[in-house]
C-alpha cells in the first residue's frame, strides 16, 4: 500500500516591515516651528504693525526735534522702540503659548517626546524672526526721520562707534524683549497672561518705581528687564541717567546683560515646567 504524504502547510505570508519613523532631530523640529510661525497670516500682520509703530513713533517724536547741529540723530531713529516693544512681546508670547491655547501642543509633544527640543527650536525661531523684524523696523524708522534729522541738523554717522552701538542696541533690545515674551508664554501657557506679565515687567513696574525714587526703588529698576533699554541710549543720555539714580550704574552692556538674564531665567523655568508637568 502506498504511503500517504501529509499535505504541506502553506508558508505564512510575510508582513512587510514597517517604514522607519523619521528620527526626531533639532533641525527637523526647527523647520517645523519655522513653518508654523511663517504660515500664520497673523505673523505677517504683526510684523507690519510693529514696523509701522516703530517708524510712526519715531516720526511723531521727530516733530519736536530741536535744531542741534552736530548731534547724533541715532536716538531719534530708535525712539520708536517704546511702542514697538509691545509687538515683539506679542510675537514671543504667541510662539510660546499659541499651541497651548489651541490644544495642538499635545500633538507636537507626542511627536517630540523629549519636549525640550521644541522649546529650543522656538527660541531660535523667535530670535531669527525678531532680528529680521527689528532690522526692518530700524530701516523704516531711519527712512521716516530722514527729513527731520536734516532739518534739525542731526548727524547720522555710520562710521561712528557710538551711533552703531545705539542702532545695534535697538535690534538687540527688541530681540531680547521677544525672548522674554517667549519665556513667559511657554511658562504660563496663556498668550494673554504672558502679554500682561510682560507689560508689567517692562513698563508698569518701571514707571511705578520711578515715581518713588530712592536707593531701593532705583536698585529694583536696574534689575528689571527694562534695564535693557540702556542699549538704546547714547553716552550723554547714559551719563544723565546715572547722575540721577541711587542704584547701580550698569552701563550699556550691563543693562543688556540684565535683559538677557531675565530671558534666560524665564526660558529655564519654562523648560523645567515642560519636563516636570503634563502638557495641558
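Using the three backbone atoms N, Cα and C, a Cβ is placed for every residue, glycine included.
Predicted automatically and left uncurated, TrEMBL annotations should be read as such.
Feature annotation from TrEMBL assigns compositional bias 'Pro residues' to 7-20.
The region 'Disordered' annotation in TrEMBL covers 1-23.
Sequence-distant contacts of the transmembrane segment (44-64), counting only residues of its own chain at least 6 positions beyond either end whose CB sits under 8 Å from a CB of the stretch, comprise 76-84, 86-88, 90-91, 94, 129, 133, 136-138, 140-141, 143-145, 148-149, 152. Annotation comment: TrEMBL describes 44-64 (among others) as transmembrane segment.
The transmembrane segment annotation in TrEMBL covers 76-97 (among others). Below 8 angstroms of C-beta separation, residues 33, 37, 42-43, 46-47, 49-51, 53-58, 61-62, 65, 122, 125-126, 129-130, 133-134, 137-138, 141-142, 145, 148-149, 154, 156, 166-167, 169-170, 173-175, 177-191, 193-195, 198-199, 202, 229, 232, 270 of the same chain, each at least six residues beyond the ends of the transmembrane segment (76-97), sit close to that stretch.
The feature transmembrane segment is assigned by TrEMBL to 118-146 (among others). Residues of the same chain lying 6 or more positions beyond the ends of the transmembrane segment (118-146) and with a Cβ under 8 Å from any Cβ of it are 26, 29-30, 32-34, 37, 43, 47, 50-56, 58-59, 62, 73, 76-80, 84, 87-88, 91-92, 95-96, 108-109, 112, 156, 167, 170-171, 174-175, 177-179, 182, 186, 267, 270-271, 274.
The transmembrane segment feature in TrEMBL is assigned to 166-187 (among others).
Here TrEMBL flags 194-210 (among others) as transmembrane segment.
Feature annotation from TrEMBL assigns transmembrane segment to 253-274 (among others). Among residues of the same chain six or more beyond the transmembrane segment (253-274), those with a C-beta under 8 A of the stretch's C-beta atoms are 96, 115-116, 118-119, 123, 169, 172-173, 176-177, 179-180, 182-184, 186-187, 201, 222-231.
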